[in-house]
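Have a look at the structure below, then the notes.
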């Protein structure tokens, strides 16, 4: 499903470059905002179809929440207001329709916006811990879902559900996910990065311009 998100988003940006709405930044923002509003039809249960099995469109709002929150990093008040309002609206929709996933998306966006708003700058992103998490973020992204599923299923067989055990489960699961992601980064990502740097590309800037044939 993630691949569908990326293909759809790059297509969206391509359309922004292809149409004739004027200033490039405005074209991009206009399409992103429009797409974000259309995406609300699914969590609001106004539209139910995903068009095909495993279709991404039902969760498009969650992806666009991340995109809007990412726009907050430009430091403009307008971007922060839009992303905060969108996240808050997602949370309300999730609460009304008892959609736990939508609630989590909304809360995550709200917290992100509040942290940025409380910071005079985004210098907190340079913290050592944040940098380390960023380093293993791709492995964390790849492995967190299967690890969480296996861990929670095993845990539920031996532990009675309660608030205390749920909190403990979240802490333990996050610790395990981070540990495995760090191991995967060392075993797979580092060698892959090193191998990629061995690839030598032709320096096209040194190639003299070719004369066009008169024929």
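Using the three backbone atoms N, Cα and C, a Cβ is placed for every residue, glycine included.
Heads up, TrEMBL stuff is auto-annotated, nobody curated it.
Summarising the annotation, TrEMBL assigns domain 'Acyltransferase 3' to 1-181. Mean per-residue pLDDT, taken over the domain 'Acyltransferase 3' (1-181), amounts to 87.
Look at TrEMBL and you will find 46-69 (among others) tagged as transmembrane segment.
For 81-101 (among others), the entry in TrEMBL reads transmembrane segment.
The transmembrane segment feature in TrEMBL is assigned to 107-128 (among others).
According to TrEMBL, the feature transmembrane segment maps to 135-155 (among others). Long-range Cβ contacts of the transmembrane segment (135-155) within its own chain (Cβ-Cβ under 8 Å, at least 6 residues beyond either end) map to 165, 169, 172-173, 176-178, 180-182, 184-185, 188-189.
TrEMBL lists 167-188 (among others) with the feature transmembrane segment.
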